[in-house]
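Taken from TrEMBL, the feature transmembrane segment applies to B:12-38, B:44-71, B:83-101, B:113-135, B:179-207, B:214-237, B:243-264, B:271-293.
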Amino acid sequence: MRRGALLLAAPLLLGAAKPVLVPDVSQREIEIAYSFTGARLLLFGAILYPRGRTPGEEARTDVVVVVKGPAQSIMVREKEKIAGIWINAERTRYRSAPSFYAIASSRPIERIVDERTRAIYELGLSSLQLSPASGAVAAEQARFDRGLVDLKRRSGLYYEDPGAVEITDDVLYRAAVTIPARVPVGRFTAETFLIQDGRVLAAATREITIRKSGFERFVARSAERASFAYGLAAVALSVAFGWAAGAVARRL
Amino acid sequence: MDIYLPIANLSVNALVIILLGFGVGLLSGMFGVGGGFLTTPLLIVYGIPPTVAAASAASQVTGASVSGVLAHFRRGGVDVHMGLVLVAGGVIGAVAGAGVFRLLQQSGQIDTVIAVLYVLLLGSIGGLMLTEALGAIRRLRTGEPPRAGKRRHHPLVAALPLRWRFYASGLYISPLAPLILGMAVGMLTVLLGVGGGFVLVPAMIYLLGMATSVVVGTSLFQILFVTAAATLTHALTTKAVDIVLAALLLVGSVVGAQVGARFAARAKPEYLRLALAVMVLLVAVRMLLGITWRPDEIYTIELS
């Protein structure tokens, strides 16, 4: 009888041996309106340890948060000096590079996990899976990868923010991720990882939708779906502005 | 004051864009150049994607030309007859240019071709204008009588068959000459995203030998129609016309164009030409540095 009870309880006990993540984000939807200059996304949550016991000093846990934008198919070109002028020479296509990538962690990511784990979970800018489409030599590919990441990093679309995740009393965590105004619209994912001793103990994903709203949405849709009318509207607008200014100036 | 641009997908300072439009409008009213050759590079420097910059700058040039054309119409400074021939050529050139644009875009060389064309055109035309304007000013200073007021057109123009009379321009030449000129300019409008005034004005003076009183007005007339056609082409093909960006540019530029037209009526034409020549040369030098110096960005990303 006692044995049977133990067997029944075993899976429960095993499951409870791992901590559980309860993540959330401050906004599930970000609307782009006329005054949009970017958004500050707050990612927060709790770490539930089995039987409420926090691991203490000897087994420190870390939290890593990754926000990714929709994947894009892109072409990267490299300039080279030929006959005195800089022109586009080599090029590489990437089938699906993230349009936005931000990683926030409670410590520098290199000190939390080893290279292999970083590559598996795509943690850090040097471990991104960029899926190149052309079969270039490894060295050349790496050069393009670095160029792409560097360009994206300087425009604020890729970044690493070690130390941005704050953990309070080993239970609550929070991190702020800044999303610049020039991100594309679409479905973003916010992944949270709980890591201990270089192993990912728990992971959870939340989705965030970024879309244009109101007038901005109307304009973007019209340009896409009613191109001719949109073009005519643009021409009419310019002519009207020009004519109005002329009419006003004559009165002065 | 930040405003989000729905097609460019980024937010800009509205005041900066309006001031930029004003400055360009001022030049367009004064010299009869559309100003696209300044707007497009400036917008790119500000961080607007190149295709959006070129497509939206074209509609700004349209607006600046309307007020300019109206101002010149009242002074009788537009040769409509000549203008229509130029527009016809311009539309043909724009369509041909769109095909060339696509080919260059696919091979990834469009940026280089644009920059090289800018340097060659602006450099040669700017140099030509500078020597001409300096000569005119020297004659003005020394009180030497201006060159015998006999306008002449290029011998090649005179050789063309089928002569028409262009009364307002004071010309009796073949319409093929302005038609070909219009085609070349229309091609440039699509390729470079400019109105083409900086090519048109000198060509009208030095190649066709038009009466200077109608040169500026007629070039604005041609620019008005060809840029409108270019805006429509962009709306249909690249879908990169940002109407919010265009509106901001327009607010500044239409006001600037009025101020410029008034200023032009008072200023000495020799000095206006000198100022335009210097400005054109400065842009040419800037573009030359852009392609010969090591660029800030070795890599460029493009959606595919």
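One is the number of the first residue shown, and numbering goes on along the chain from there.
In case you wondered, yes, glycine gets a Cβ from its N, Cα and C as well.
TrEMBL does not curate its annotations; it predicts them automatically.
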Do any residues of this chain, six or more beyond the ends of the transmembrane segment (B:83-101), have a C-beta under 8 angstroms from a C-beta of it, and if so which?
110, 175, 178-191, 196, 200, 218, 221-222, 225-226, 229-230, 233, 237
Six or more residues beyond either end and a Cβ under 8 Å away: which residues meet both conditions relative to the transmembrane segment (B:113-135)?
37, 104, 188, 191-192, 198-199, 202, 206, 270-271, 273-274, 276-278, 280-281, 283-284, 287-288, 290-291
Could you pull out which residues elsewhere in the chain have a CB under 8 Å from any CB of the transmembrane segment (B:12-38), counting only those six or more residues past its ends?
1-3, 5, 46-48, 57-58, 60-61, 64-65, 67-68, 71, 118, 122, 189, 192-198, 201, 215-217, 219-220, 223, 227, 245, 248-264, 267, 272, 275-276, 279-280, 283
May I ask which of the stretches B:44-71, B:179-207, B:214-237, B:271-293 has the most CB pairs under 8 A with the transmembrane segment (B:243-264)?
B:44-71
Six or more residues out from either end of the transmembrane segment (B:271-293), which same-chain residues have a Cβ under 8 Å from its Cβ atoms?
27, 30-31, 33, 37-38, 41, 112, 115-116, 118-119, 122-123, 125-127, 129-130, 132-134, 136-137, 198, 264
Short question: which residues 6 or more past the ends of the transmembrane segment (B:179-207) have a Cβ under 8 Å from it?
28, 31-37, 40, 53-55, 57-58, 61, 65, 85-94, 96-98, 100-101, 113-114, 117-118, 121-122, 125, 128-129, 153-154, 157, 215-216, 218-220, 222-223, 226-227, 229-230, 233, 276, 280
